[in-house]
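Accompanying notes for the structure given below.
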Amino acid sequence: MAALGGDGLRLLSVSRPERQPESAALSGPGSGLCCWVSVFSCFSLACSYVGSLYVWKSELPRDHPAVIKRRSTSVLVVSSLSPLCVLLWRELTGIQPGTSLLTLMGFRLEGIFPAALLPLLLTMILFLGPLMQLSMDCPCDLTDGLKVVLAPRSWARCLTDMRWLRNQVIAPLTEELVFRACMLPMLAPCTGLGPAVFTCPLFFGVAHFHHIIEQLRFRQSSVGSIFVSAAFQFSYTAVFGAYTAFLFIRTGHLIGPVLCHSFCNYMGFPAVCAALEHPQKWPLLAGYALGVGLFLLLLQPLTDPKLYGSLPLCMLLERTGASETLLCS
């Protein structure tokens, strides 16, 4: 080695090939294949989720307890099997996340308390106007309301109500698991985190088109109004899906999106028209404006990744040679 001298050592150091990113599939000729596998996997998950709702033939409406029980069983089975799709995607693409599958999907203990509280607080701030409206229209005062909320009998009644279980527990948990925890890790290496935030909700929004079938079957309104309603529902579910995808990436946890989803299901779409006709219209409209303003002001600080520890999706992109700074910092 001494005979090589300084020039020889420099020559060896120059000629040594640099270590390539772990997943050449994302930067080489196979990048198209990786994206096709990711998109097809997400499409398959969405079809499986929606299709599971219709494996049970029934003439009863969707809100009938028997229908809710059967459909809840179906989506719980599909969502519990959905991580297998991520495993298959990992094998087909050769991508190694560097963390366990559960961690990648947002099941981890690091930073779990702020991840459960801060996104929900942020969402409640956004709904400041509707919460004020709910409080003004409630016949009971704050003390009586808290007694009802904290009473074990109230919770027991909720836990035996199939519609409440579907809207507040089963739908938020299974939808966030399938459409966020499973789809985002597969889409992010292909599209990057920013585009994935807006691509993932498209599957979520389209998945809600199946409500058209229910409405047409029972002729709940005219065909035109059904399709207008479906288009509106697609729009706001896609926007909501982008928001929970943003929360999932910025916190690295599934619990925040699930709790926010449950809260939004309880609140429903803000009744702006009712607020415009309310006897206390101006305080309500001020509450709506203040809520939106505070939400935009606090969106970045309350989702600062430093509050939640390491971010699995950001680590995944680092290992694949991609650089993401906007959502990861």
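The backbone N, Cα and C atoms fix where each Cβ goes, glycine too.
Feature list (source: Swiss-Prot):
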- GLU175: active site, proton donor/acceptor (ACT_SITE)
- HIS208: active site, proton donor/acceptor (ACT_SITE)
- ALA2: N-acetylalanine (MOD_RES)
- HIS261: site 'Transition state stabilizer' (SITE)
- ASN265: site 'Transition state stabilizer' (SITE)
- 36-56: transmembrane segment (TRANSMEM)
- 75-95: transmembrane segment (TRANSMEM)
- 112-132: transmembrane segment (TRANSMEM)
- 193-213: transmembrane segment (TRANSMEM)
- 226-246: transmembrane segment (TRANSMEM)
- 254-274: transmembrane segment (TRANSMEM)
- 282-302: transmembrane segment (TRANSMEM)
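Counting in whole angstrom, HIS261 (site 'Transition state stabilizer') lies 9 from GLU175 (active site, proton donor/acceptor) by their C-alpha atoms. Taking the Cβ of HIS261 (site 'Transition state stabilizer') as centre and 10 Å as the limit, one finds 25 other Cβ atoms among all the protein chains shown.
Rounded to a whole number, the distance between the Cα atoms of GLU175 (active site, proton donor/acceptor) and ASN265 (site 'Transition state stabilizer') is 12 Å. Highest Cβ pair count under 8 Å relative to the transmembrane segment (254-274), across stretches 36-56, 75-95, 112-132, 226-246, 282-302: 112-132. Under 8 Å, Cβ to Cβ, and six or more positions away along its own chain, GLU175 (active site, proton donor/acceptor) finds TYR49, PHE204, HIS261. Neighbour count (other Cβ atoms within 10 Å of the Cβ, all protein chains): 17 for ASN265 (site 'Transition state stabilizer'). Comparing 36-56, 112-132, 282-302 for CB pairs under 8 angstroms to the transmembrane segment (75-95), the maximum falls on 36-56.
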